[in-house]
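Visitor: Here's a structure for you.
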Amino acid sequence: DMDTLNKTFVKEFILLGLSGHPKLEIIFFSLILVMYLVILTGNGVLILASIFDAHLHTPMYFFLGNLSFLDICYTSSSVPSTLVSLISKKRNISFYGCAVQMFVGFAMGSTECFLLGMMAFDRYVAICNPLRYPIIMSKVVYVLMASVSWLSGGINSIVQTSLAMQLPFCGNNVINHFLCEILAVLKLACTDISLNYVTLAVSNMAFLVLPLIVIFFSYIFILYTILRMNSATGRRKAFSTCSAHLTVVIIFYGTIFFMYAKPKSQDHLGSDNLQATEGLISVFYGVLTPMLNPIIYSLRNKDVKAAVKYLLNWKGVN
């Protein structure tokens, strides 16, 4: 009976966000709204361009389309509710709503790690083995690679979310965050969470470290191949096709390590300044990266620019 009481005691969570900074809330609302609209527009245009332009029917743009769709899903799972809480002061989220938000966020983050690794491998094959590229990266192969990324990300999130939401939450239901982030929720559990930390550590090894190793070695071989090229034009072209992906990787992994590598002693500080900093980091991680992805790829890639122009002209004609 006591176990049942404990598990049903918390029916909703309160997301603090920036409740102690009303002026900052207005600024954040405006910034996040603009950034979210840019995310929907930029990633939406990239998806349409990769579907309708035959020149973009290659593995690289297929993965890029997947990345854009993922960014839209990730931000749409949390940004609308964040905007509502900032403007209406409604900060509560139901227990199951929190679980859904946590699941989508974790699944999209895990999948993106794998997709970035797959994209690095694709660039490695394209530059280091160009003659064998159509055979190695056939349609069956790259569709399977993307499917594995989505499936493994989903399974990883199901495991982590179900383990987190089965914990007893006895009294404290205030999350010092904008959204139901897994580490913030785990801190509220009134039981031993060592199993959750162990599974998270395994998850981080599989979804953060392994793709990073693939990316690192892919670019070591790419750099070696580029430096051996005789043609300056060939070197420039190779660099330009890789620079966009590498920029996205640096921003994505940089924000993740900045968020999760902070000293544990900071977690127990309840200062308003820390709360505002947490909010700023969560916005940077959750909104800025998906917004920058289409901008980076469009600016650094002539094929994408041409496809977007064609798409806009075609829509204008119709």
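Just so it is clear, glycine is given a Cβ too, placed from its N, Cα and C backbone atoms.
Quick paste of what TrEMBL says about this protein:
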- 42-297: domain 'G-protein coupled receptors family 1 profile' (DOMAIN)
- 26-49: transmembrane segment (TRANSMEM)
- 61-87: transmembrane segment (TRANSMEM)
- 93-119: transmembrane segment (TRANSMEM)
- 140-159: transmembrane segment (TRANSMEM)
- 205-227: transmembrane segment (TRANSMEM)
- 239-260: transmembrane segment (TRANSMEM)
- 280-299: transmembrane segment (TRANSMEM)
Visitor: Note the mean pLDDT of the domain 'G-protein coupled receptors family 1 profile' (42-297), expressed as a whole number.
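Guide: Summarising the domain 'G-protein coupled receptors family 1 profile' (42-297) by its mean pLDDT gives 85.
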Visitor: Count, for each of 61-87, 93-119, 140-159, the Cβ pairs lying under 8 Å from the transmembrane segment (239-260), and report the range with the highest count.
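Guide: Checked against 61-87, 93-119, 140-159; highest Cβ contact count belongs to 93-119.
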Visitor: Checking distant contacts: for the transmembrane segment (93-119), what same-chain residues at least six beyond its ends satisfy Cβ-Cβ under 8 A?
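Guide: Distal contacts: 10-15, 60, 63-64, 66-67, 70-71, 73-74, 77-78, 81, 142, 145-146, 148-150, 152-154, 156-158, 160-161, 164-165, 179-182, 185, 203, 207-208, 210-212, 214-215, 245, 248-249, 252, 256, 286.
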